[in-house]
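Features reported for this protein in Swiss-Prot:
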type: COILED; residues: 20-95; note: coiled coil
type: COMPBIAS; residues: 20-31; note: compositional bias 'Basic and acidic residues'
type: COMPBIAS; residues: 40-56; note: compositional bias 'Acidic residues'
type: COMPBIAS; residues: 70-81; note: compositional bias 'Basic and acidic residues'
type: COMPBIAS; residues: 167-180; note: compositional bias 'Polar residues'
type: MOD_RES; residues: 64; note: phosphoserine
type: MOD_RES; residues: 65; note: phosphoserine
type: REGION; residues: 1-81; note: region 'Disordered'
type: REGION; residues: 93-127; note: region 'Disordered'
type: REGION; residues: 153-180; note: region 'Disordered'
């Protein structure tokens, strides 16, 4: 049984707990009592019928002959057998009714809660002591085997006090159930520990990334020619700061090897009809045009109103 009590078993009992179940059990109890009353009524009617039948049998037996007496005996035997069977069925029904009534009485009674002393008792684990007998081991003359055996023996001897400490710590652990407030405090402590471990993990990850970046920059290979710029600040006596920059001289081969920069020349787009600078762009043919007449001619060519002359190299 667990030493920590569950939340359902530890909470206080509600005022309306079990009301519906109690109503159902009371209805079942009323139904069972009515059924028992009906069975007793049937028994009384059955006894009255038996008495009447016995009186009739006496009257008939006094008037009938011997043959009729034999027939009556056979009938009486059959009735006795039926009576025995009915009695057995009645006994079975009464047993079932008694069992149901006992179950209802048992369920109506409030359940007994286990005492905290019995719930807090936790079976203690039994530890078997391992005794090492050095005389029972096989010995070897090899140096490596002897050293390994000695190291194993020392580890076993060192593990004994640690094992005793763990056993005593588990024995001294507080017994009993935890309240809701204690569970909240334990959850808050666990959350704080998780946050601190997460911060440490993030810090270590950042340090690892910086270290990888520095190593990559340190071991990066550059192709010559290389021009290196170094800038730094120097504090002077009057408190001012100055920066020194290293600039490559004009005689440096890197300055002469670079080609001169050429600015791109902007060329005006001409109209395909007039040859003038184009202002518009036909959205269908995507051709530059300068005015409305050029636009109309481009659309007429597009609609195949003009035919192409391969000899003259134009539309006509």
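Each Cβ is built from the backbone N, Cα and C atoms, and glycine gets one as well.
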For the compositional bias 'Basic and acidic residues' (20-31), sequence-distant contacts whose Cβ falls under 8 Å of one of its Cβ atoms, 6 or more beyond its ends
100-101, 104, 107-108
Run through the compositional bias 'Basic and acidic residues' (20-31) and tell me, per DSSP, how many residues are helix, strand and coil.
12 helix, 0 strand, 0 coil
Tally the residues of the compositional bias 'Basic and acidic residues' (70-81) by DSSP class, grouping H, G and I as helix, E and B as strand, and everything else as coil.
12 helix, 0 strand, 0 coil
